[in-house]
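**Student:** Below you'll find the structure I mean.
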């Protein structure tokens with residue numbers, strides 16, 4: 001840069017950007033984003049439930065199949081319990097706690113975050129009643145989407161769908177194994193018995209996933225329209241192995257990553273996305289961590305290939321790679337029109353942990369455009385979170401209840417209909433559409449902490465309930481955000497992320 005360059009035009013430019021200099025209370029955003037999970041709870045609500053406009057729901061789930069499937073989470077604005085995104089949500093919440101539990105504790109939120117994980121794992125344990133049986137969905141999207149009802153009034157079909165050896169689902173079983181393994185690390189100190197129970201389920205589920213291979217949506221076909229497994233199951237098998245190794249230190253899983261890295265795409269797929277369907281970038285990030293920790297052993301050459309693909313992902317985020325992610329004019333990573341924010345939070349989480357892994361190992365990021373300091377990754381994550389919280393051309397916070405200007409007409413059954421505690425009159429299936437869905441007013445219940453789908457490729461956003469691509473929230477939008485907010489709220493990286 002020329003030293004003689006005047007700072008005046010630069011200063012003027014900064015002052016003209018209303019969204020350039022926002023200051024955010026990351027700790028408050030963290031508290032709110034954990035609260036959202038309480039609004040998504042299914043089953044019998046506990047005495048310490050803080051989202052008081054919700055009540056018990058789905059109390060007969062699993063009964064017709066002779067299994068207790070009460071509990072768990074509704075995934076988004078509907079009342080279905082989808083196993084694949086729910087398990088991914090638990091994995092990412094757990095990873096957030098594993099990496100950034102200390103700042104969460106300092107903020108007084110660690111207990112709430114662990115309760116949010118346990119609400120999910122308690123359900124996943126019930127959904128896995130036998131070694132080779134896993135229930136992967138309760139309710140179905142078609143009948144559910146025909147109705148607009150509070151969960152408490154639900155009259156839709158609550159059929160339970162499962163995978164087993166003759167109807168396999170390696171992606172579903174693999175992701176659930178990953179969730180159980182990651183959560184077992186979370187509870188290792190505070191609840192060792194529960195932790196080992198989770199690890200036991202994780203071992204069984206990995207065995208099930210690996211032995212009886214198949215795509216879960218070929219077995220649970222009702223999931224195809226909503227959570228189709230486009231990437232197949234190889235990424236989930238590697239992802240589960242990585243989490244099982246991290247949870248157990250069992251060499252079998254490290255060897256699995258080494259032996260199958262090339263054939264299952266772990267070292268082959270150069271990705272620019274990470275989410276509930278495609279796990280490769282997550283696997284590559286974890287394996288790069290094992291490599292930095294000096295655990296690769298004889299698998300070092302293979303692990304180095306995973307590592308290179310992790311770096312490809314990171315470089316693409318910060319615009320220094322061979323194929324960079326698309327961004328909106330306002331700077332938000334853009335992947336797709338429908339619920340784009342899920343990719344923003346997931347990618348930002350990987351950038352955050354990878355930045356800390358590099359800093360811990362005193363490494364630099366090797367990009368096509370040259371070597372990059374780890375701090376550039378954390379700056380990217382911060383820019384994405386700041387955009388989400390309101391530093392954008394519209395000045396809109398895409399987290400409900402954070403800031404002054406946030407979505408008021410969220411595409412969410414529970415928040416858009418008067419609370420059953422305020423008006424207990426039953427609301428029938430189609431009645432909800434007529435009386436509540438089409439209302440142009442704000443939701444009667446504020447869905448605090450929910451991260452909605454977000455703006456389009458040009459930073460445009462319409463706050464309308466029927467605009468589900470932009471105004472529907474989801475649990476997997478929030479889960480990775482917990483870790484990033486805790487990290488940004490702590491303000492420094494004075495801890496070594498590579499230590500066990």
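A Cβ is built for glycine as well, from the same backbone N, Cα and C atoms used for every other residue.
As listed in TrEMBL for this protein:
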{"type": "ACT_SITE", "residues": "411", "note": "active site"}
{"type": "ACT_SITE", "residues": "463", "note": "active site"}
{"type": "ACT_SITE", "residues": "472", "note": "active site"}
{"type": "DOMAIN", "residues": "26-485", "note": "domain 'Glycoside hydrolase family 9'"}
{"type": "SIGNAL", "residues": "1-22", "note": "signal peptide"}
**Student:** Return only the integer: C-alpha distance in Å from residue 463 (active site) to residue 411 (active site).
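**Tutor:** Computed Cα spacing between residue 463 (active site) and residue 411 (active site) is 9 Å.
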**Student:** At 10 angstroms around each C-beta, which of the active-site residues 463, 472 has the fewest other C-beta atoms nearby?
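**Tutor:** With the active-site residues 463, 472, fewest surrounding Cβ atoms within 10 Å: 463.
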**Student:** Tell me the Cβ neighbour count for residue 411 (active site), meaning other Cβ atoms within 10 Å of its Cβ, over all protein chains shown.
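**Tutor:** Within a 10 Å radius of the Cβ of residue 411 (active site) lie 24 other Cβ atoms.
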**Student:** If you average the pLDDT over the domain 'Glycoside hydrolase family 9' (26-485), what number do you get?
**Tutor:** 97
**Student:** Rounded to the nearest Å, what's the C-alpha distance separating residue 472 (active site) and residue 411 (active site)? Just drop the number here, would you?
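**Tutor:** Cα-Cα, rounded: 5 Å.
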